[in-house]
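Per TrEMBL, the features are:
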TRANSMEM  16-37  transmembrane segment
TRANSMEM  43-62  transmembrane segment
TRANSMEM  69-89  transmembrane segment
TRANSMEM  109-129  transmembrane segment
TRANSMEM  136-157  transmembrane segment
TRANSMEM  177-194  transmembrane segment
TRANSMEM  201-225  transmembrane segment
TRANSMEM  237-257  transmembrane segment
Amino acid sequence: MQCFGVGGYSYLFEPLWWAGMITMIVGEVANFVAYAFAPAVLVTPLGALSIIVSAVLAHFILKERLHKLGILGCVMCIAGSVVIVIHAPQEHLITSVQEIWSLATQTAFLLYVASVIVLVFVLVFHFAPRYGNTNVLVFTGICSLMGSLSVMSVKAIGTSLKLTFEGNNQLVYPETWFFMLVVVTCVVTQMNYLNKALDTFNTAIVSPIYYVMFTTLTILASVIMFKDWDGQSGGSIVSEICGFIVVLSGTILLHVTKDSDRSSSFRGNYAPLSPSLSARLYSGNGELLKHGDEDASTSEEICLKRQELY
């Protein structure tokens, strides 16, 4: 007897799905444009606001319960974002893509890029085959490292397009097309390993860890490349870091409470498997055991329980 997921493409006929997809595309375009007008130190942490909007909409539209601690997490994200906005550095005036290229080829940023490439290769070829399916930091680390480079390239492309629309054509420079190539390479790598992470581990675990690592590395790369903190006082820098920590804490709290609500809801609606079956399914370190001689009735019970989830 075989178990099959629901699958299919019936969601393509749902107007709400199309509304969500179009809204997501518009949001990504707006996020792309934001990097052309504001420093990454400001834009990237504010991405936590999308988590708040998602949680609130899920509460009212999908009837997902928003826990009190989840509400506290939303308030923390908003408070931290306000602090970041108040103390954010001013965007440096850039007049050409060649100026961005000079920033990207400075010694400090080249050392950062070299470190990222070395770490990615080590994670991909050494750690991923051995620990990728047991340690969530492997796949999310690859995504975060490549993501920091993709954001820097996206900012370069966004600035180039802004200057082009203002009448100063930047598409004639090979540097613009090189940044586009970097974006494509990094995004494809990110999506590949992010899908692996989400397919292997719980989303409630992957999302906060990925957000923390990606945002931290992106801010670090922006500070090195664009020198966002040059000219700022020590108090402003400390305030930005504190606001960033508050946003990260709120994000983690929101994800943890969502996961606990789902787990308690599952336990309330479905009876747990017998201890003997649990012992057969999982070893002491949590790894799934593969037994080829399971009883047919046990397999049927598992399939029925999975089908009840849909």
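Note: Cβ is positioned from N, Cα and C throughout, glycine not excepted.
All TrEMBL annotations are machine predictions without curation.
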Grab the same-chain neighbours of the transmembrane segment (109-129) for me: Cβ-Cβ under 8 Å, and only residues 6 or more beyond its ends, written as numbers and ranges.
103, 135, 138-139, 141-142, 145-146, 148-149, 189, 220-221, 224-225
Checking distant contacts: for the transmembrane segment (237-257), what same-chain residues at least six beyond its ends satisfy Cβ-Cβ under 8 A?
41, 45, 48, 51-52, 55, 67, 69-70, 72-84, 86-88, 204, 207-208, 211-212, 215, 219, 229
For the transmembrane segment (201-225), which stretch among 16-37, 43-62, 69-89, 177-194 has the most Cβ pairs under 8 A?
43-62
